[in-house]
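Report on the following structure.
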Amino acid sequence: MAVAAAQKNREMFAIKKSYSIENGYPSRRRSLVDDARFETLVVKQTKQSVLEEARARANDSGLESDFIQDGIHIGNGDNSPTVEDGTQQDDTKNGHLADADIGDDAGKTDEDYTLTEEEVILQNAASESPEAEQAIQQAALLLRMRDGMGSLARILKTIDNYKGCVQHLETRPSQLSGVQFDALVKVSMSRINLLQLIRSLRQSTSFAGVNLVSENNISSKTPWFPRHASDLDNCNHLMTKYEPELDMNHPGFADKDYRERRKQIAEIAFAYKYGDPIPSISYKETENATWQRVFNTVLDLMPKHACKEYKIAFGKLQAANIFVPQHIPQLEDVSNFLRKHTGFTLRPAAGLLTARDFLASLAFRVFQSTQYVRHANSPFHTPEPDCIHELLGHIPLLADPSFAQFSQEIGLASLGASDSEIEKLSTVYWFTVEFGLCKENQQLKAYGAALLSSIGELLHALSDKPELRPFEPASTSVQPYQDQEYQPIYYVAESFEDAKDKFRRWVSTMSRPFEVRFNPHTERVEVLDSVDKLETLIWQLNTEMLHLTNAVKKLKDTQFE
Ligand SMILES: C[C@H](O)[C@H](O)[C@H]1CNc2nc(N)[nH]c(=O)c2N1
Ligand SMILES: N[C@@H](Cc1ccc(O)cc1)C(=O)O
Ligand SMILES: [Fe+2]
């Protein structure tokens, strides 16, 4: 949806700081979920100001249309939906007039020409180029007819004047006072004419309201999402609640040198652009010493407490000399290692990212990794993700092909998802990828990254203190959590496979109205919205099937020789 309003909205947020700081929000928040909500709020406020700006422009440019049909200019008095809550009242569910309450603002006599959100989007879409202006648009109009069915003739004639084609027409007695009937008209016409048609109808006294209602192809309901791996340059919004500067409980809060170092390393992430090699950091002796302490403890505990897949991948990282006790691995080396094993790569992150941005990168097999090191005073648990967490917690499983595939699926499911679905998705992510436990030969094992990177929390999780519950995505996804202290609840899957399987199946029940697919050759996410695209894919899969069938045949032939 390359619509200008959405694009502009996004540009306004292509910032390198947290929403929280820039908006004077309290620095310390209780959970990622709360931050996601806050993010939603700020995006809505921005959307509203974008709309207001566009409306002001429409007013400035004057309304005297060349197409005035009745020669009478009145306040449009329409009952434009408000945008405060980000949802337009849409009483044409499923494309039909529903019995729903129609709203109570029909009596407004606002002299301003008020564009609805849908119209701003349509106008922006039309203004992109002369071709875009002439592009044929499907749209639905809701008209409030004051004077009975006689107005229908006028509607149809006006549509005809603008070379529109009526595809559907439906009426009902109106529930609004002063309005006899509501008409829902679906039309197909050029965008520019559609805009003119709306203006023209609004200028007639016969209508108490003329609204363009949402049709998916001009709707802004789908949030912007990255389409290419390079778009991840815009997906680095931070939540700074646990930064040493702001969090009094952060082990580095009182340590000026630590805070300085943390900032210096974050600068690398701020400057990073798609395609750059990840700059290496010459870690200080104290930083390497912290790594060494954690690394050696993980080595001790891993054989007994980590799941099998983690241990296998860990071994490979040791064999490649990337995991050594003496010094912190460089992200560029880790990224190259992952690329060879599962196609995952890393990009540097300046701190804790918003769930939406973090998950979006997984869709491209990109893992956003912090590069700074936790404070030397608290090697066994830290309140914000650091490179020891990413390296010892996440990296081994990202080198496992099945887990890599699974991670990408979560990422793909997050693209364009609603805020409430992002909340649920990140909650399940939290209780599995970050803090998951599973059974392996009747024994409890850890596969969650925040357990494997925090010896303190690992031992807590395996003690008799916390509550253990069976992992069920439907209930897990709505379990509130905090991220300041050890978790009081952990979810246990029947096996590591079972965790992936259940999570994956639950993800497929998400309500997004379109499917996406990642094309590894172009590093692009494609929305599967045309027969052409699907046919190309089917052709590719058929070719692949042919090769696989041949391979089976060849193996069988050699067996019988
Ligand atoms: C998706 C979910 O909220 C998850 O906990 C994310 C949030 N942001 C992150 N940001 C960074 N840098 N590293 C992480 O591991 C995470 N985890
Ligand atoms: N607690 C983890 C780090 C971490 C913090 C916050 C997170 O959201 C994730 C991981 C550790 O000590 O290793
Ligand atoms: Fe993490």
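From the backbone N, Cα and C atoms, a Cβ is placed for every residue, glycine too.
Note that the structure is predicted; figures quoted are calculated from it, not measured.
What TrEMBL lists as Fe cation binding site is H389, H394, E434. Annotation comment: TrEMBL describes 77-86 as compositional bias 'Polar residues'. TrEMBL lists 90-109 with the feature compositional bias 'Basic and acidic residues'. As annotated by TrEMBL, domain 'ACT' applies to 140-215. Annotation comment: TrEMBL describes 210-556 as domain 'Biopterin-dependent aromatic amino acid hydroxylase family profile'. Annotation comment: TrEMBL describes 68-109 as region 'Disordered'.
For H394 (Fe cation binding site), the Cβ neighbour count at a 10 Å cut-off comes to 24, with all displayed protein chains included. Within the domain 'ACT' (140-215), the DSSP-based counts of helix, strand and coil residues read 24 helix, 32 strand, 20 coil. Counting every protein chain shown, the Cβ of E434 (Fe cation binding site) has 21 other Cβ atoms within 10 Å. Summary of the Fe cation site environment: with the site residues H389, H394, E434 set aside, the chain residues having Cβ atoms within 8 Å of the Cβ mean position are P385, E390, G393, V433, G448, A449, A450, L452, S453.
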